[in-house]
Every structure is written in structure tokens, then in C-alpha cells.
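Dropping a structure here in C-alpha cells format, bear with me for questions.
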Amino acid sequence: MDKVIYPGTFDPITHGHEDLVYRASRLFGKVIVAVAVSSGKAPFFSLEERVKMARNVLTGYSNVEVTGFSGLLMEFARQQDAHIIIRGLRAVSDFEYEFQLAGMNRGLYPDVETIFLTPSEQYMFISATIVREIARLGGDVSKFVHPLVIERLRQKKIEMNNGE
């Protein structure tokens with residue numbers, strides 16, 4: 001059974017992420033959605049919140065597992081005995097960074113391969129960063145994220161406004 005890892009911060013999980021999980025789940029026996037701590041970014045949602053949202057959104061997939069991780073992705077891949085990494089490419093601008101990352105990952109773990117998937121056309125423009133900004137400013141993000149995520153974005157905005 002081919003086991004693949006789809007890593008990301010998923011802050012929050014979007015329809016674009018869901019689309020890639022759906023397509024990866026049809027291609028591979030097991031998809032591990034690996035929600036990263038990502039010390040280089042200041043996440044809007046905590047790791048626990050992001051894992052919970054992803055689990056709730058992806059609950060209908062029998063061959064998908066959602067888990068959080070910290071540290072190097074290649075160490076996580078070794079622990080999971082996974083040799084394939086799935087990465088999404090929305091635009092040409094994503095390619096250069098992802099290409100470099102794939103090369104560095106192969107240098108750390110020569111047995112790993114990176115497979116690039118492009119999202120369906122209707123999801124190519126979705127960015128979790130932009131979704132957060134639209135939600136923060138009170139805009140409608142229902143075209144971009146699952147209803148459960150919309151509710152969490154609303155709750156988070158209230159918490160932030162109350163200084164929690």
C-alpha cells in the first residue's frame with residue numbers, strides 16, 4: 001500500500017487543500033495529512049485547532065489520517081515509513097520554492113519522492129493567508145472553506161476582539 005504525506009500548516013484548511021486530499025486519496029492507499037507546527041510562521045490557529053479542523057473537514061475519507069508534527073518533515077516521513085510527499089502547485093510562482101524544497105528534502109532523505117498536484121481550476125487561486133484576511137475584515141469566505149472552518153474563523157475573530 002502506497003503511503004503518502006501531504007504536509008502543510010493548513011491555517012486554515014481550504015477547499016484547495018480538500019481538493020488535493022480528495023485526488024491524492026484516489027491515487028494512493030493512505031494519505032497522511034501532516035499539520036506542521038511551522039516555527040517560521042505565526043499561525044492564526046494553534047496546532048491543536050488546525051488538526052481538529054482538518055479532521056472534521058476530512059472525516060469522510062476512510063484512507064486519510066490527520067496528525068500534527070513538529071521538526072523536519074523528512075524525519076516525520078521516516079517515522080511514518082512514507083516515501084512520497086504530495087505538494088500542491090497553484091501557480092508558476094509556487095514552483096520555484098517547491099522545486100528547491102523537493103531537492104533539499106531528497107538530500108535529507110534520498111528515498112523520498114515529491115509529487116506535485118495542481119488543484120482543480122476553481123480552487124487554484126485560494127490561499128489560506130488571504131482567506132484569513134478576508135475573514136478578519138468581515139468578508140464572506142464561504143466559497144473558499146468548509147462551513148466548520150467558517151464557524152471557527154468567526155469564533156477566533158470574537159476571541160481576538162475580546163482580547164482572549
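Glycine residues also receive a Cβ, built from the backbone N, Cα and C atoms like all the rest.
Pasting the feature list from Swiss-Prot:
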BINDING   Thr9, Lys41, Leu73, Arg87  substrate binding site
BINDING   Thr9, Phe10, His17, Gly88, Leu89, Arg90, Glu98, Tyr123, Met124, Phe125, Ile126, Ser127, Ala128, Thr129  ATP binding site
SITE      His17  site 'Transition state stabilizer'
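For the listed features, I'd like the structural context: burial, neighbours, distances.
Secondary structure from DSSP puts Leu73 (substrate binding site) in a helix. The Cβ of Leu73 (substrate binding site) lies under 8 Å from the Cβ of Ile5, Pro7, Ala34, Ala36, Ile85, Asn105, each on the same chain and at least six residues away in sequence.
In the three-state DSSP assignment, the secondary structure recorded for Thr9 (substrate binding site) is coil.
In sequence order, Gly8, Phe10, Ala54, Gly88, Ala128 make up the list of same-chain residues 6 or more apart from His17 (ATP binding site) whose Cβ falls under 8 Å from its Cβ.
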Rounded to a whole angstrom, what is the C-alpha distance between Ile126 (ATP binding site) and Arg87 (substrate binding site)?
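Checking the Cα atoms of Ile126 (ATP binding site) and Arg87 (substrate binding site) gives a distance of 15 Å.
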Express the distance between the Cα positions of Leu89 (ATP binding site) and Thr9 (substrate binding site) as a whole number of Å.
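The separation of the Cα atoms works out to 15 Å.
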Counting Cβ neighbours within 10 Å across all chains shown, tell me which of the binding-site residues Leu89, Met124, Ile126, Ala128 comes out on top.
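Checking each of Leu89, Met124, Ile126, Ala128, the winner is Ala128.
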